[in-house]
Amino acid sequence: MIREQKSRGPNRDQRTNRRIRAREVRVVGANAEQLGVMPIEAALKLAQEQGLDLVEVSPMAKPPVCKIMDYGKFKYEEKKKASDAKRTQVVIQLKEVKLRPKTEEHDYEFKVRNTRRFIEEGNKAKVVIQFRGREITHKELGSAILDDVIKDLKDVAVAEQMPRMEGRQMFMILAPTPKVAQKARELARQAAAAARKASPPSQKKPHPEGGHPAAEGASTAPAEAEETGTSDDADTGDEQDTATATT
């Protein structure tokens, strides 16, 4: 008997076997061969004879396109691909670096070095000039400092957002150059590959009826960017990190 399996996750509306409503379908074989248009009962019989499932892959086509496949194995592989993609995901953090209009030279150099290192890892930096009291009347000092930061980091960063005022703060956002960002992604992929080699192989769970991997759920697409706040007090307690995910 053809197995009835529930589709979950992003493809939860994907119909299989007896859940397919069309009376006539275009069938693609298990080896991607075109089997033509036929009544749904004939297509179901073909799948049953091979011990496989009939899966509706293009429901909007006229007639709908169905493929003969091992649906449990298909879902298992989709889940595995999503897991691999998540491992290679690059987490981009936004570090907030705070400066003052009269920041000492050694403090400035220290923070620029840290910002450079952070950007070389593929992250972004929000550089903030904090004005206190009457310092706000000398905004040109803040602009000059931010210009210096851009010049000192021009080989690794570009200004994603140019300097602007917000309350008593002037800030800009720096992002890695395309070359630096690409290098960071490549390093992340290499680290993920090394982690996969180091981890033990996953155990495939046999299907209760067919003896092949069970469809335990759909692919788990990378979660949307999460924001987390952590403090980086290596200097004067005025650097903060915010994390977002990307690929």
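The backbone N, Cα and C atoms fix where each Cβ goes, glycine too.
Averaged across the domain 'Translation initiation factor 3 N-terminal' (16-84), the predicted model reaches a pLDDT of 93. Per TrEMBL, the feature domain 'Translation initiation factor 3 N-terminal' maps to 16-84.
What TrEMBL records for 92-176 is domain 'Translation initiation factor 3 C-terminal'. Here the domain 'Translation initiation factor 3 C-terminal' (92-176) has, by DSSP, the following mix of helix, strand and coil residues: 35 helix, 33 strand, 17 coil.
The annotation region 'Disordered' is assigned in TrEMBL to 183-247.
Marked as compositional bias 'Low complexity' by TrEMBL: 189-202 (among others).
The compositional bias 'Low complexity' annotation in TrEMBL covers 213-223 (among others).
According to TrEMBL, the feature compositional bias 'Acidic residues' maps to 224-241.
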